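Asks: Have a look at the structure that comes next, please.
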Amino acid sequence: MFKEANMFTYLGYKLFGESIRKNVQKYYDLEKQLRQAMISMPPEMYIATARMVSLIFAVVGAILGLIISYIVIFFIGLPEVIFPIALPEPIYSFWMNFRAFVFAALLCAMITVALYFAGYFMFTIYPSTVISDRKSKIDRALPHAITFMYSLSRGGMNLIEIFRALSEYYEVYSEVSREAARILRDMEVLGKDLRTALADAVELSPSENFKEFLHGLITIIDSGGDITKYLEDRADFYLERARQDQKNFLEFLGLMAESYITAFVAGPLFLIIIQTVMVVMGQGDETTLYAVIYLVIPIGSFFFAMVIKLLTPTEEGEPPKLREKYTYLRRKVEEREFSDQIKELRKRINSWKFRKALRHPLDPIKRRPMYVFIFSIPAGLAFMFYGFSRYQFSPDIQWLFKVDDYIFLSLVIILAPFVVFYEAGRKKAKRTLRLTPIFLNKLASANESGMPIYRAIAMIAKTDTTPLKKEIQKIKSDLDWGISLNDALIRFANRLRVFELSRTITLLNEALKSTGNVTEVLMISAKDASNAELLRRERLSNMFMYVIIIYISFFVFIGIVYIITTTFLSTLAESAAKVAESGGTGMTMLRGIDVTTYKNVFMHAAVFQGLFAGLVAGVMGEGSLSAGVKHSLLMLVLAYVLFTVLI
């Protein structure tokens with residue numbers, strides 16, 4: 001949102017700056033929040049921005065109120081009685097003549113005021129949301145950032161240079177890197193000493209864990225203790241705390257799983273059964289049943305999945321692309337001097353890229369599986385509209401029953417390619433994370449025995465039997481061509497594009513710059529990679545239980561719906577038919593049952609339950625909506641096959 005000054009800031013400051021400055025003492029707490037959120041605006045300008053944007057919201061609200069009033073007055077019509085109050089005749093006549101104007105004025109005023117305060121409230125809570133987000137990011141990255149600091153300290157680098165190195169890797173160490181950059185800025189720009197800069201960072205950091213770490217660091221500096229030993233201890237301590245936090249989150253996830261089953265599996269199932277019986281008994285209509293199936297189940301499950309996604313601590317964004325140390329950046333003067341050669345070189349490069357794209361057309365989709373929707377969505381929509389064209393449209397549910405097969409199959413066409421490419425990429429990433437610590441430990445063992453790192457890589461490239469062998473051979477080829485070890489490892493990380501691997505390679509490269517003890521650096525890097533893999537495996541193994549719970553609840557749901565469709569309704573329909581044949585009057589209420597309609601409605605309920613329960617399973621099991629698509633696809637197919645083949 002508005003993290004820096006903009007045109008709204010300067011315009012608002014001109015309009016409201018004087019009144020804000022008179023009450024500047026009211027915004028003391030806001031100033032601290034802005035600094036904790038790293039929003040680069042003083043509180044006066046932030047409040048001016050808030051008021052300006054709120055004013056714009058109010059203008060939009062007034063216009064919206066006029067539009068709604070016009071539609072209500074001239075198209076819908078005002079009711080005869082708006083307020084159930086008896087008025088004497090002169091006032092009543094006046095009211096009847098001007099009630100449209102009063103209604104429009106009140107509606108405009110209400111919407112204007114509501115949007116004004118909504119805009120201001122949004123700015124009021126925004127720093128708190130940024131602070132909360134920064135806190136969670138710092139806590140997630142802190143164990144790995146401290147390991148990074150420990151590896152550099154082990155190589156003899158002083159604390160200021162360690163903070164400088166940490167501040168350069170925001171893509172890898174997230175908000176911890178920004179905290180390090182703030183400490184470095186206070187020393188280099190504001191002239192503070194290291195201890196004062198650390199003390200100020202304690203006051204402004206949103207993370208209690210980071211504050212605790214800095215407090216300990218200040219104590220070590222004051223007492224002249226061993227910083228390297230402290231960093232080593234803190235790395236292990238915060239790793240254990242991360243495991244405990246993960247355990248607490250899993251317990252919370254268990255509570256959310258129970259809530260989901262109660263609210264969006266058992267609850268809708270109970271309503272479906274009760275409403276079906278009431279409709280059969282002639283005491284209700286089908287509107288409530290349709291609302292549960294077509295609104296409550298899909299919308300409720302989707303929003304539940306989104307809530308879990310927002311609460312789940314995960315690495316966000318795509319893996320960073322690390323920059324090689326000796327990347328050549330061409331100057332414009334050189335382009336003018338060698339323009340003909342550069343044009344020819346660009347033609348050859350573009351020709352090579354084109355041939356490569358023809359040889360490997362699926363590479364972009366493998367890197368970003370979302371690209372497959374460019375092809376699958378048009379294909380799915382084409383198939384769906386083909387189904388629509390086969391039946392004349394009519395605005396009733398019977399038309400939906402005719403085309404629902406095409407809708408569900410089009411969903412399969414859209415989702416199946418994404419599942420294939422996404423799961424293939426995740427499988428490759430998991431394999432890389434599992435094998436990277438093994439590769440680094442092999443390098444450390446070979447180097448410890450006296451073998452140079454280059455020969456160790458060449459030996460592993462020949463003898464390795466894991467799926468990582470091809471990538472190790474590429475590292476060896478880069479070294480043979482004279483590329484530095486750092487750049488060869490960076491290319492290795494950029495080819496695989498796995499977040500944890502990029503973090504490990506960053507640690508390894510920076511540590512190699514600070515020390516000549518390659519074996520120790522490799523062992524520290526392998527330990528960091530192993531810790532990340534351990535956390536991931538523990539989380540997946542524990543969260544897998546909740547995926548099983550979601551599947552069990554889904555099978556219970558479709559099982560009960562299947563029994564209602566095949567047994568309960570069929571029995572009632574047969575009973576109604578027998579009563580009708582015998583001329584009885586005791587069960588005439590059963591004569592209106594349409595078993596086919598209920599079968600289709602319950603099939604939709606099972607499909608919707610599977611489609612959205614799969615998303616919930618993905619978020620609970622792997623912390624990702626994308627990971628839930630495979631569960632959604634599987635449950636959708638199971639529900640569809642059950643109701644179309646077995647019934």
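Count begins at 1; order follows the chain as displayed.
The backbone N, Cα and C atoms fix where each Cβ goes, and this holds for glycine too.
Because the structure is a prediction, the values reported are computed rather than measured.
Below, the features straight out of TrEMBL:
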DOMAIN    146-274  domain 'Type II secretion system protein GspF'
DOMAIN    439-565  domain 'Type II secretion system protein GspF'
TRANSMEM  55-78  transmembrane segment
TRANSMEM  98-126  transmembrane segment
TRANSMEM  260-282  transmembrane segment
TRANSMEM  288-311  transmembrane segment
TRANSMEM  369-386  transmembrane segment
TRANSMEM  406-424  transmembrane segment
TRANSMEM  543-564  transmembrane segment
TRANSMEM  601-620  transmembrane segment
TRANSMEM  627-646  transmembrane segment
Asks: In the domain 'Type II secretion system protein GspF' (439-565), how many residues does DSSP put in helix, strand and coil?
Replies: 109 helix, 0 strand, 18 coil
Asks: Quick one: mean pLDDT on the domain 'Type II secretion system protein GspF' (146-274)?
Replies: 90
Asks: Give the nonlocal contacts of the transmembrane segment (98-126) in its own chain as ranges (CB under 8 Å, at least six residues past its ends).
Replies: 1-2, 46, 49-51, 53-62, 64-66, 68-70, 72-73, 78, 82
Asks: Per the definition of 3+ C-beta pairs under 8 A with sequence separation of 6 or more, do the transmembrane segment (260-282) and the transmembrane segment (406-424) touch?
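Replies: Output no: the transmembrane segment (260-282) is apart from the transmembrane segment (406-424).
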Asks: For the transmembrane segment (627-646), give me same-chain residues lying six or more residues beyond its boundaries with a C-beta closer than 8 angstroms to one of its C-beta atoms, as numbers and ranges.
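Replies: Result: 305, 405, 408, 411-412, 415-416, 418-419, 422-423, 426, 547, 550-551, 554, 558, 562, 565, 599, 602-603, 606-607, 609-619, 621.
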Asks: Could you put numbers on the helix, strand and coil content of the domain 'Type II secretion system protein GspF' (146-274), residue by residue per DSSP?
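Replies: Helix/strand/coil tally for the domain 'Type II secretion system protein GspF' (146-274): 112 helix, 0 strand, 17 coil.
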Asks: Which one of these stretches, 369-386, 406-424, 601-620, has the most C-beta pairs shorter than 8 Å to the transmembrane segment (288-311)?
Replies: 601-620
